């Protein structure tokens, strides 16, 4: 094989792979593909300097990884607002029509898999990252390169983020499950978990065997000038990506509803697991004008499928004690399959709900599950009772520690701060992804450490030794050292993570970030007036925070010394040239919008969504729309990132 023949072989192999994996229309037999593949591979081994970057031999390579690096998205990967019926869809659309009465929409199936963000630069795939928290994910580029439906190169030289869902078709999922059972491995709970787990394999060779597919559903940062989302997605198809055959452009909500009804009817027979339909405004200019709420874009929603209802046997009801002391009844079920997931537990919410439903141990019950929602019992089949079913009495004492329970309206709470269940669940929260994110310290390991008497409170984690870990079942030298390194690695974490990790009732991630920005390391030293003055803080949140900080003052100080969290850089108002100023942000900037919102608010500025005469500044990036024009008309000072930097340095 000479160089010209090699180039032709690579072109032919990629065309065959595209026809097989993307178009589902094979152009060659497996034997023909394998023969040409090995001829190309032989040429590459003899001429390593001539290896083509798009060669299929380059998809799988590299040693197994020790772990995944973090990767920032150029633009945030947002969650979507959910709508559950036609009435909610109509309300969502009517809000849009008030601003843009002639808006059109694009409807896509919502695939139930693992979201992935592909970054291409100068036509080459340079990074693939998981969604993560929407701003920062994990770099899984080596694994993504093994997925045949992800082009290693595209005919677009400008930088672009292409977003989509990594899925396993139902048929391939069943084969994977059978294979795992033959190998005495635990089966996956559902295709989504299988896709996510496959994408996060440290060994790319394992990922390559999993029959993953990448189906694009959108873009992040991009250079397109077209005014249509639908046309952008058509461009991706021309680059070699899979087309969603059900993608439809709609002109009103009745057309949207017809597409939705069709998808619902095809739900069980569709080759890939679906959990709804995504509806987007097609016009890019309208999308920019509509913008985002704190959590989601205003120009798109997820129209969820109806819950699937199944009949199941309720074997028993157990009582769980959470970190706040709330005792929750949980139904243990005879396992039943719903949408590829084996369900063996369901929530009963509280004891008033049990009384209302008249659910008893041993009942046959009607069970529903919708998307990621925890399975829920909606009614018992009373006519099927044999008389042996047992009603559950409302408990008076904690099932874990035996202390007397307190009734607070519909909730029943254990007040014992030393209750083992409360401590364990507090530790689990402390180490969780939304808190200190201690890798390798999950629920089972915490349970093991707790039962062995090695940890009883947060501080004990920092006193663990390799010797104490090696005495536990399942711990070898490397696993013990990795856990110790992960625990020590939380030193210097963001302050909001530290605050969230404390598990203060009513204080979640969002509130923790506000406290971090407003007060820094003195968050626990504030009075009622200061706390209640924060946006979004009500009386209940303020009282909960103040009481927790009063009771745990010394402990917070000790933990601050141990963990040394980093507070956002704060300038006092007199130091900040933009303190008290009002900002509007528009266009595509070099970092996600949230980065600039946090920067500006930390410097005493206020960020608002719309331009008015009262606006002091408009910060604009590329493709700034009508907000920039309006700001100039109103005489609002318009600055780009470079000019903002000059203002802050002045």
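Placement of Cβ uses the backbone N, Cα and C atoms for every residue, glycine included.
These come from Swiss-Prot:
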| type | residues | note |
| --- | --- | --- |
| ACT_SITE | 110 | active site, N6-AMP-lysine intermediate |
| BINDING | 30, 31, 32, 33, 34, 79, 80, 108, 131, 165, 304 | NAD(+) binding site |
| BINDING | 398, 401, 414, 419 | Zn(2+) binding site |
| DOMAIN | 573-650 | domain 'BRCT' |
- line: Cα-Cα, residue 398 (Zn(2+) binding site) versus residue 32 (NAD(+) binding site), nearest Å, comes out at 68
- line: In three-state DSSP terms, residue 131 (NAD(+) binding site) is classed as coil
Statement: Counted with DSSP (H/G/I as helix, E/B as strand, rest coil), the domain 'BRCT' (573-650) has 28 helix, 17 strand, 33 coil
- prompt: Considering only the binding-site residues 32, 80, 304, which fall within 10 Å of residue 110 (active site, N6-AMP-lysine intermediate) when distances are taken between Cα atoms?
  reply: 304
Task: Quick one: pull the CA-CA distance for residue 414 (Zn(2+) binding site) versus residue 80 (NAD(+) binding site), whole Å only.
output: 36
- prompt: residue 80 (NAD(+) binding site) has how many other Cβ neighbours within 10 Å of its own Cβ?
  reply: 18
Message: Please report the Cα separation of residue 304 (NAD(+) binding site) and residue 401 (Zn(2+) binding site) in Å, rounded to an integer.
response: 41
Statement: Same-chain, non-site residues whose Cβ lies within 8 A of the 398, 401, 414, 419 Cβ center for Zn(2+) are 321, 325, 399, 400, 402, 403, 405, 415, 416, 420, 421, 422
Cα-Cα distance linking residue 401 (Zn(2+) binding site) and residue 32 (NAD(+) binding site), given in Å to the nearest integer: 68
Collapsed DSSP category at residue 80 (NAD(+) binding site): coil
- request: Express the predicted model's confidence over the domain 'BRCT' (573-650) as a mean pLDDT, rounded to an integer.
  value: 83
Message: I need the CA-to-CA distance for residue 131 (NAD(+) binding site) versus residue 419 (Zn(2+) binding site), whole Å please.
response: 36
Field: Packing count at residue 304 (NAD(+) binding site) (other Cβ atoms within 10 Å of its Cβ)
entry: 19
- request: Give me the Cα-Cα distance between residue 419 (Zn(2+) binding site) and residue 80 (NAD(+) binding site), rounded to a whole Å.
  value: 38
